[in-house]
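Participant: Can you read through this structure? Questions will come right after.
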Amino acid sequence: MAAIKPEEISHPPMEQLQGLEYCIDSNPSWGEAIALGFQHYILALGTVVMIPSFLVPLMGGTDDDKVRVVQTLLFVGGINTLLQTLFGTRLPTVIGGSWAFMVPVISIIKDSSLQSITDPHVMNLWNDDDNLSIVNADENGANRFFSPLGMVPVISLVGFGLLDKGFPVVGQCVEIGVPMLILFVAFSQYLKHFQTKQLPVLERFALIISVTVIWAYAHLLTASGAYKHHPELTQNNCRTDRANLISSAPWIKIPYPLQWGAPTFDAGHAFGMMSAVFVSLIESTGAYKAASRLASATPPPAHVLSRGIGWQGIGILLAGLFGTVTGFTVSVENIGLLGSTRVGSRRVIQISAGFMIFFSILGKFGALFASIPFTIFAALYCVMFGLVASVGLSFLQFTNMNSMRNLFITGVSLFLGFSIPKYFREYTVAAHHGPAHTKAGWFNDFLNTIFSSSPTVAFIVAVFMDNTLDYKDSAKDRGMPWWFKFRTFKGDSRNEEFYTLPFNLNRFFPPS
């Protein structure tokens, strides 16, 4: 057998992914863009429904309350998505509810001082303005500590860190979840070359087609009484009539600020919320970098990241004013959909924001789509989260992975990013409180929130070791020569094409 020459197995690093059909500032036809935007809206519904379904009952809320929270979360999420794509990073990212806020929110719910509220129209958290958080970050200063090597674990665990929302949930209703997973992979990958009028229909619209088929199948099982004698957990995960959203939803309802009453303030709760905002900031930074790669854009420079984080802070402020129960972050699953459809167009995401706002106001129609069993979304997450995680791993091509230093940092930060949050979550389930359990509730919330987030743990470990372990002579191994030109807005001429503000606003907010 002839020896293989080195050049035959060489895959040179490439700044932009190959095979993407539409990048950030190129757009499909209006009909195709609207259909793709509707897909992003459908995918975003999973988290939008799941968070209120978990938290509202803990707060003593009814199905009517849950529907109102779902509507509010959709409405404010749509506004935030428009703001972020217009004035923030300008990347094609959907802004949705964040799981990072769970620990401080549950802590507020359990606060004995709030149990005395008796007004049935004012529930614990919605009368507390600890959600009124705003954050901005000096990314210009922090960015000099980042490298491609340090970002790999962060971006990867933005996807991998959500693995418990994937197949563990699919397994709770395998007769729906597994067919959904197989059908979506078959349409989006194995049958992607099937075309109608030169449009790869199955690849581009695999989500909406497979969801429609499996949703109809699930409804058939429900109507035929297949789950009549099954355990309650199985019925909740498999039946299409357990969400109780359609009957409770009003025909028309416009969410408005302070709809749950006047806010109150507690410094301890606010501090716990600040830790969740910090986690959201780390997760979003990784998500923005993944989105830029799947939109065939340059990595967002420090100025653009800072702009995006600032608008995200305004979004969290709106979350508190409207009473969404949780804060906001970048929707990881929707970033994965960019790669699955090979469409990274900003316009598509802005259209999806329009759907979010429209269906949040028309309650009955929005509730119809929101009643899709969460198992179907979990099957999609198995693909979407994995895609985002692999984008993170792709940054390794800019580093020297024959270096023992780099292998050590990558392996340890990834492992601890998985392992430490798993310990914190399992401890919390078993003991009904986190490992940090002192008399200072704010301190407990801070630590339990920070160390329950996989990307945040990976960020702390990777960035610390990358900047302290033999860092003086390892700039090339870390990928800094490639990374350096993307640290400033003027470092790459393409940044102006991707990230310049609309309406000539750069005159008033010049990039640094």
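Glycine is no exception: its Cβ is also placed from the backbone N, Cα and C atoms.
Straight from TrEMBL, here's the annotation block:
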- 38-57: transmembrane segment (TRANSMEM)
- 69-87: transmembrane segment (TRANSMEM)
- 169-187: transmembrane segment (TRANSMEM)
- 199-218: transmembrane segment (TRANSMEM)
- 309-330: transmembrane segment (TRANSMEM)
- 351-370: transmembrane segment (TRANSMEM)
- 376-395: transmembrane segment (TRANSMEM)
- 446-465: transmembrane segment (TRANSMEM)
Participant: Let me check one thing: do the transmembrane segment (376-395) and the transmembrane segment (309-330) come into contact, meaning three or more Cβ pairs under 8 Å with sequence separation of at least 6?
Facilitator: no
Participant: Is the transmembrane segment (309-330) in contact with the transmembrane segment (199-218), using at least 3 Cβ pairs under 8 Å (sequence separation of 6 or more) as the test?
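Facilitator: The transmembrane segment (309-330) and the transmembrane segment (199-218): touching, no.
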Participant: As a test: from 38-57, 69-87, 169-187, 351-370, pick the stretch that has the greatest number of Cβ pairs under 8 Å with the transmembrane segment (309-330).
Facilitator: 69-87
